[in-house]
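One structure below.
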Amino acid sequence: MYIAVPAEILCLILPLLLGVAFLVLAERKVMAFVQRRKGPDVVGSFGLLQPLADGLKLILKEPISPSSANFFLFRMAPVATFMLSLVAWAVVPFDYGMVLSDLNIGLLYLFAISSLGVYGIIIAGWSSNSKYAFLGALRSAAQMVSYEVSIGLILITVLICVGSCNLSEIVMAQKQIWFGIPLFPVLVMFFISCLAETNRAPFDLPEAEAELVAGYNVEYSSMGFALFFLGEYANMILMSGLCTLLFLGGWLPILDLPISKKIPCSIWFSIKVLLFLFLYIWVRAAFPRYRYDQLMGLGRKVFLPLSLARVVPVSGVSVTFRWLP
């Protein structure tokens, strides 16, 4: 187990925050390309300084609290959401040994942290004392709980193949073949469940602008709004990293060639994460928002039985051919 020091934590958090900032810019650029627009291109060359301008604007805005809100909880909710999105990265390996804390229960740790994220949203909706914010928070809670069950069953499928909750061991078990190839339907279900877990389009019902104005963060401004925003995009990167570790071999090269081995393993990991982030943005640009009943029906009537049914054949094949680790 590696003991984290402040310098290592700083080297993890700063690139993550920069990645979140430029992920917002990349999303706006890709959305503009799909809609045949230019996107932001005024602030800096090709709009590269747009995230800095947006951040300064949010910092300089006045933080306004509703008169009927619970002030302490109203202020703490975005901080809790943002902090949970950061502490989850403690167990994510970027290369073999390049991890803050190589826990044997790293996968369970990530699952638990992602489950706790809903509390910040619930507290934000309740403490705002606004009907629209509270309805958005209730939607988010129901949505995340519904899809966490299928995510848990998918994780069990991977655990049967590996026999360990250590993320580094899960990656090293994919040296011969990535789990995304034999378990491709599971990968698709897991990615769609991650879309719902992070409240991203087409499952962004908790913040439906047409119905709930902006959802649980309708009363937030200034840094409160910015922290929710940063937390959402940090969770996007986290879930993309988890998809990479579980199904695309993590930091392992795409092809076992001499030239591919010269590229640092952390670069391979970043390339695969960027692939999933592009899918996040492309799905938002291509698909309309689901109705609430369609969203819950997909999670409970389709993904839950399918993910449960997938555990049975994987277990049977592993026991029959003595492939259990």
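Placed from the backbone N, Cα and C atoms, the Cβ positions cover glycine too.
Per Swiss-Prot, the feature transmembrane segment maps to 5-25, 40-60, 79-99, 105-125, 151-171, 177-197, 237-257, 263-283.
Among the stretches 5-25, 40-60, 79-99, 151-171, 177-197, the one making the largest number of Cβ pairs under 8 Å with the transmembrane segment (263-283) is 79-99. Contact between the transmembrane segment (79-99) and the transmembrane segment (5-25) is supported by 3 or more Cβ pairs under 8 Å, counting only residues 6 or more apart in sequence. No contact links the transmembrane segment (105-125) to the transmembrane segment (40-60), because fewer than 3 Cβ pairs that are 6 or more residues apart lie under 8 A. Highest Cβ contact count with the transmembrane segment (177-197) among the listed stretches 5-25, 40-60, 151-171 falls to 151-171 (criterion: pairs under 8 Å). Residues of the same chain lying 6 or more positions beyond the ends of the transmembrane segment (151-171) and with a Cβ under 8 Å from any Cβ of it are 91-93, 96-97, 99, 102-108, 110-111, 179, 183, 186, 189-190, 193-194, 197, 245-246, 249-252, 304, 307-308, 310-311, 314-315, 318, 323-325.
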